[in-house]
Ligand code: BES
Ligand code: ZN
């Protein structure tokens, strides 16, 4: 119904050339009453207690009232113990404020309602986190790379910031923040903020993030971290094991930054550093501003997976500067970022590599679309009543990217670059929803150059299911050659030894493995493994692609390696499909259970939740 309404509104208004401006849709994943009163500045004062695996201290909110009569401030919270709440009166005197935690909602957590006195402009919430705080992972020393010191990190996107800070947890709102963090003296704390490189390691750290950011970008990590610069504006934070390797792997980061700034406007955040996390980090990367969080599984020694850095860096514009205002509109973050990432890869590593990565992404999207409900394959998601963690797929990423690629192809690079730059500039430090984007697109591109692409076509991409026919492809000569050679092997025209694999990049390997028939005979799998040691690959992408082929075929030699991988790595994108495939193979269900029992304590709460769902069927 709503969709129909939007569609007719857009169609009508595109006919009339007048756009009906509508209030931004509400964020269905937040209790916060930001329309009446909102935080504009947040100050944290937290102690990191590794013995209790707990953060405790206070969050101070500087408030702006939109409704002068507002008498309540509603914050989001999840699994927090609220100890007391104070509010400052007009003279700056702190007094107790009444508060109540509402009923638990399985997805959103609990509203924390604070009674405001008429003049109060600041509120301080004293609290501590609990074992159920889903946005934090506490690792003991044995679970880290160096195995000497414990480690803590946060992952707030999409709605987990509320599990370690009581705040208005919606991307429709931006706050600037500062923090004082106390840790054991031998450890270093870092945040998505100004990380002074010369900070004395004394267990007492101060941070400032002067630019306003959405709550999901507030981030912290504490561990035996060290810093190594890569260039004037980029560097690595990591445990010692990774420091030099990461600096070598990601040495092109400055180049990427320079190219990105030239394309879409000056880098808006000062420094860009990378934090290398333990292998349990649940994502490939997370674009926390000034300090992207990165999985160590992309440190391969050959820069083969650095598109992840291009991706997280691109978020400095698409996502961090212009932010999806609610989680239905995730494609505005991820689709733009995938598009931007591919553009950066083409500029820094050449169009041939970018075309291979593009083609692999399209394959991933097609695989996801085949498995998803059609309703979940529209660009704008319908997440009402659902956990945003459960609905993420390649649709927001790659279908979003393809729509933008289509527009670039049709309007030409020059016009489309200018359009994107204007978009980032006009909406910098603001939140964006699909409706507003479409309006901007209509005015700044479709109507400016009429007859090139119609709004109807765009709406089909945004609200319609599946992948529209005629989606843009990038041709890869390298992949075409691999496909041809693979065919020749299958038709017994050549042997495996005759394949020019010595020159293959990781991408060509991935294409090769993905193209292999899904019903290969055990002897063929063994032949491939004997020739190329695919079961032993130390490249996580190659290993997982090979496992996706071989687990359903119950190819036993891969199983011990699968176990090792699952015990070591916690990146959800890899481990969830592997568990699913093991469970779908009736001969390996017991094996899957046995591995999970052993591996579970090392996984992030988000990863555990996803695997638990796979086990529940
Ligand atoms: N922002 C995302 C990670 C994310 C998305 C976390 C939604 C929680 C909810 C990050 O930028 C990302 O997309 N990471 C990808 C890497 C990428 C190259 C596609 C990942 O982790 O695999
Ligand atoms: Zn992303």
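Positions of Cβ are set from backbone N, Cα and C atoms, glycine also.
The feature signal peptide is assigned by TrEMBL to 1-23.
The peptide binding site feature in TrEMBL is assigned to 155, 156, 157, 282, 283, 284, 285, 286, 287, 571, 572, 573. In the three-state DSSP scheme, residue 155 (peptide binding site) is classed as coil. Within the same chain, residues at least six positions away from residue 155 (peptide binding site) with a Cβ under 8 Å of its Cβ are 135, 137, 219, 281, 282, 283, 286, 293, 604, 606.
If you look up TrEMBL, you'll see 311, 315, 334 marked as Zn(2+) binding site. Around residue 311 (Zn(2+) binding site), the same-chain residues six or more apart in sequence whose CB sits under 8 Å from its CB are 284, 285, 287, 337, 338, 341, listed in sequence order.
According to TrEMBL, the active site, proton acceptor annotation covers 312. Cβ-based neighbour count (10 Å, all protein chains) for residue 312 (active site, proton acceptor) stands at 27.
Note on residue 397 (active site, proton donor): other Cβ atoms within 10 Å of its Cβ, all shown chains, come to 25. What TrEMBL records for 397 is active site, proton donor.
When averaged over the domain 'Peptidase M1 leukotriene A4 hydrolase/aminopeptidase C-terminal' (476-615), pLDDT in the model lands at 98. Here TrEMBL flags 476-615 as domain 'Peptidase M1 leukotriene A4 hydrolase/aminopeptidase C-terminal'.
Only 334, in sequence order, out of the recorded positions 155, 157, 285, 334, 397, 572 have a CB under 6 Å from ligand 2. In three-state terms derived from DSSP, residue 285 (peptide binding site) belongs to an extended strand segment.
Least packed by the Cβ count within 10 Å, out of the binding-site residues 285, 287, 315, is 285.
Within 10 Å of its Cβ, the residue among the binding-site residues 157, 572 with the fewest other Cβ atoms is 572. The CA atom of residue 397 (active site, proton donor) is located 12 Å away from the CA atom of residue 315 (Zn(2+) binding site). Residue density at residue 283 (peptide binding site): 21 other Cβ atoms are found within 10 A of its Cβ, drawing on all protein chains shown. Of all Cβ atoms in the protein chains displayed, 24 besides its own lie within 10 Å of the Cβ of residue 334 (Zn(2+) binding site).
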